[in-house]
C-alpha cells in the first residue's frame, strides 16, 4: 500500500528558490543561528531532503497502513519517552526523505491519516490537553493542530478560530475530513479577528493555542513572485506587533491558572523570543513554564537551537531530522492582576 501511494507523489518536489528571500534569510539567520545556519539553509533549500510525519486518525484507524509503516522502518514519535504523552496519539516518522500523498476529501468518509511536519506536534503536546477542558485554537487554519489536539483528548469544548475567509473554508473541510459528527458537535468554528477574542470571551478557556501568523520560512523561500516577496520582506517587521496583540487577546480569553502555548514556523528571533519577552515584561500575571525537558527527551528526533529561554524551544532543520522551523513557548496565567 505504502509503495503504491508513494509512487503517486513522485515528481512533486521541483520548486524554485526565491533569491530575494534567500538573501534576506542569509543576512538575518547567519547572525542569529551562527554556524548552524549553513546546515539549516541546505535543508530548507533542498525539498528532496524534507521529511513528512504520518499522524494516524484514531477516529478511522488505518491498521493496514500502520503495518506498512512498520515494515518500511518508520518509528513512532518519542517512542514512549515523553512524560504525559497521550497513548491515543500515534505519529510515525521515517529517517529518510519522501512522503506519501494526502488523501482526497470525500464527504461522509473520514480520512485515515494526516501528513505534517513532526515539529508542529510539539505545541500541541506542550498544551497537555485533558478530557473535558475548554480549548481555544486562536489561529486554527488549516486545521492540523486542531486535528492533533483531538487525537490527544476529547475536550468539553473546542473553539477553532480563523480570521481569513479562504483559510476558514480549508479549516472546516479539514475538521469534516477527520472528526466524527458527535465530536464535531462540541467544536465551534468562528471567523473573528483574533485580536478581539479576549474581549468577546474573557476568561473562558482552560487552554489556549496561538499558532500565530508568521514569516513561514519554508513556504516563503519558494515564493514564485520576487516582487511580492520583496513586499513581504518590508511587511515582515510588522508581524511581531500582530503576534503580541494576538497573545494579549489570548491572555484575556484564558482563565486564571490556565495554560497558553505560542508557536510559529519561523526561525526569526523577532517573531519568537522577542515576542515572548515582551509579553513577560508587560504582563505580571503571566509566568514562563520550563519546557527544556521536552528538548532533552526529544533530541533523538529533533535538533534544537538555544533560545536563552526556559519556556521557549526552537526546532531547526538538520540532516536526518529535517523538521521545523518550529518555535514553541509555554506560559501560565496566574491569579494576580496583570498589566495591559
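Even glycines carry a Cβ here, placed using N, Cα and C.
Please treat TrEMBL annotations as automatic predictions, because they have not gone through curation.
Pulled from TrEMBL:
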{"type": "DOMAIN", "residues": "44-334", "note": "domain 'SAM-dependent MTase RsmB/NOP-type'"}
{"type": "BINDING", "residues": "139, 140, 141, 142, 143, 144, 145, 162, 193, 211", "note": "S-adenosyl-L-methionine binding site"}
{"type": "ACT_SITE", "residues": "265", "note": "active site, nucleophile"}
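Across the residues of the domain 'SAM-dependent MTase RsmB/NOP-type' (44-334), the predicted structure has a mean pLDDT of 94. The Cβ of residue 143 (S-adenosyl-L-methionine binding site) has 160, 170, 171, 173, 174, 175 as same-chain neighbours under 8 Å, each 6 or more residues away in sequence. Counting only same-chain residues six or more apart in sequence, the Cβ atoms lying under 8 angstroms from the Cβ of residue 139 (S-adenosyl-L-methionine binding site) belong to 161, 162, 163, 194, 210, 211, 212, 213, 246.
The residue listed as 'active site, nucleophile' and residue 145 (S-adenosyl-L-methionine binding site) have their C-alpha atoms 13 Å apart, to the nearest angstrom. Residues 139, 140, 141, 142, 143, 144, 145, 162, 193, 211, recorded as binding S-adenosyl-L-methionine, reach a greatest CA to CA spacing of 20 Å.
Other C-beta atoms found within 10 angstroms of the C-beta of residue 145 (S-adenosyl-L-methionine binding site) number 23, with every protein chain shown included.
The Cβ of residue 193 (S-adenosyl-L-methionine binding site) has 12 other Cβ atoms within 10 Å, all protein chains considered. Around the Cβ of residue 141 (S-adenosyl-L-methionine binding site), the same chain contributes 162, 164, 167, 168, 170, 171, each under 8 angstroms and 6 or more positions distant in sequence.
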